[in-house]
Amino acid sequence: MEGRGGEREGARMIDTWINTHRQMYDRATRHPFVLSVRDGSVDSSSFKRWLGQDYIFVRQFVPFLASLLLKACRESEDQSDVEVLLGGIASLHDELSWFKKEASKWDVMLNAITPQKANQDYCRFLESLMLPEVDYTVAITAFWAIESVYQKSFSSCLEAGSNTPAELLETCQRWGNDGFGQYCCVLRGIAERRLETVSKDVVMMAEGVFVRVLESEIRFWDMSYGE
Ligand SMILES: Cc1ncc(CO)c(N)n1
């Protein structure tokens, strides 16, 4: 039963962070761009800008996830982490195809897009997390936070009472579907399990990375309004 008590402690840790940084958490998960998707007032140029920039981001996400998989293979005491992350890599393959299909639907030329400043900064942050000296716990916390901001944001566009335009439903379902929600819960569980075993320093680093993800996500959504 010791392990169970510890899990609760880890769960409290992430809840505590969310409460401590509530304002920033809400700005990331209820951003005006997402609210405009939800209420149907979004304009197509914002959506297209987001789509093009996110394609670039997701391409950078592949090496990040590969580095996380490597850390899990080396450092995780639980074999199922590796399988979860391998599943994540497999879905990225499908996601990249989806971006190409969606871009052609919206006449977005993916090969002509240059990453904007906020995107470059975010990708550089991901690169810093790929370094071998970055702890697996810190990196998996970042990964959970990155995925869960999208899960929270897009699932809100599918809730009863939302007025999401039909042509954006597929996008919202990609990150807002129940399966993705469960995947985020599993990632959170891994992060929580790890957080209870590491030193205070590593926990503080993980919290810092959580905050940095929220800031980066807010700036990423901001890009949809143009430079
Ligand atoms: C910027 C950003 N954050 C999170 C996700 C979720 O994978 C994404 N596709 N893009």
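Residue numbering: from 1, along the chain as shown.
Keep in mind that glycine also has a Cβ here, set from the backbone N, Cα and C atoms.
Among the candidates Asp43, Asp54, Asp201, the residue that TrEMBL annotates alongside Glu95, Glu147 as binding substrate is Asp54. Sequence-distant neighbours of Glu95 (substrate binding site) (same chain, 6+ residues apart, CB-CB distance under 8 A): Val58, Arg174. Cα separation, Glu217 (active site, proton donor) to Glu147 (substrate binding site), rounded: 10 Å. On the 0 to 100 pLDDT scale, the model's mean across the domain 'Thiaminase-2/PQQC' (20-226) is 97.
Proximity of the binding-site residues (Asp54, Glu95, Glu147) to ligand 1: a Cβ under 6 Å from the molecule is found for Asp54, Glu147. For Asp54 (substrate binding site), applying a Cβ distance below 8 Å and a minimum sequence separation of six or more within one chain yields Phe99, Phe220.
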